[in-house]
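Reading through the structure tokens given below for one structure.
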Ligand SMILES: Cc1cc2nc3c(=O)[nH]c(=O)nc-3n(C[C@H](O)[C@H](O)[C@H](O)COP(=O)(O)O)c2cc1C
């Protein structure tokens, strides 16, 4: 039975464009996998605490060897690892915040960056057979050839992170750009970019969820 782990991180609730794309994927995936298991985590509404030395030590130590303090610090990380272990598909909603990802999503990444998942010399890990879908939303545009192309530290960062964890084979980025063209008058002229990228992201989400046709 397939499992989808869906994680959103936008602070914008129902006005979020990244959430709209992850919702499209999740809805279509659930139609295509009626007996599948669906796990949802909302880092925007319910952030996880930042990493501590104790939690970091605990996640890089065999749980059988935890002292009582480490065992307590491990509880949340253990739940996050169980969700990741169960997932066949990891679906991330990742707004662009200051040219990168929200700190809430970074806090989640810090929990899974452990020896348990680190890729071996062959580049493989326990995560290698999973599918990763990342729906981003950006106020501007960072597409190849645009003036801000080199400011794009979202997809390159996430690709590096998941390569470190051995997840490289089945990775897809769906970008919705120029989301601020609705609210910033100077960007109104770029609404067509928002419309085109939004349509493309939702279409690709449906396709990847196996619901096209
Ligand atoms: C804290 C913060 C930082 C942001 N930084 C950027 C940025 O660096 N570049 C950009 O194009 N848009 C930036 N934006 C705009 C968001 O990327 C844009 O509103 C996007 O649609 C957010 O994703 P969401 O619609 O899923 O909430 C920022 C927004 C916030 C709240």
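All positions are counted from 1 along the displayed chain.
Placed from the backbone N, Cα and C atoms, the Cβ positions cover glycine too.
All TrEMBL annotations are machine predictions without curation.
As recorded in TrEMBL:
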- 10, 16, 17, 18, 96, 97, 98, 99: FMN binding site (BINDING)
- 3-176: domain 'Flavodoxin-like fold' (DOMAIN)
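Here the features listed in TrEMBL are placed on the structure.
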residue : record           : DSSP class
10      : FMN binding site : coil
16      : FMN binding site : coil
96      : FMN binding site : coil
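Long-range Cβ contacts of residue 10 (FMN binding site) within its own chain (separation 6+, distance under 8 Å): 16, 17, 18, 19, 44, 93, 95, 102, 137.
Counting only same-chain residues six or more apart in sequence, the Cβ atoms lying under 8 angstroms from the Cβ of residue 96 (FMN binding site) belong to 136, 137, 138, 139, 142, 154. When pLDDT values are averaged over the domain 'Flavodoxin-like fold' (3-176), the model yields 97. Just so you know, of the binding-site residues 16, 18, 98, the Cβ with the fewest other Cβ atoms around it within 10 Å is the one at 98. Neighbour counts of Cβ atoms within 10 Å were compared across the binding-site residues 17, 97, 99; the minimum falls on 99. Residues 10, 16, 17, 18, 96, 97, 98, 99 are the ones the record ties to FMN, and the longest Cα gap between any two of them is 17 Å.
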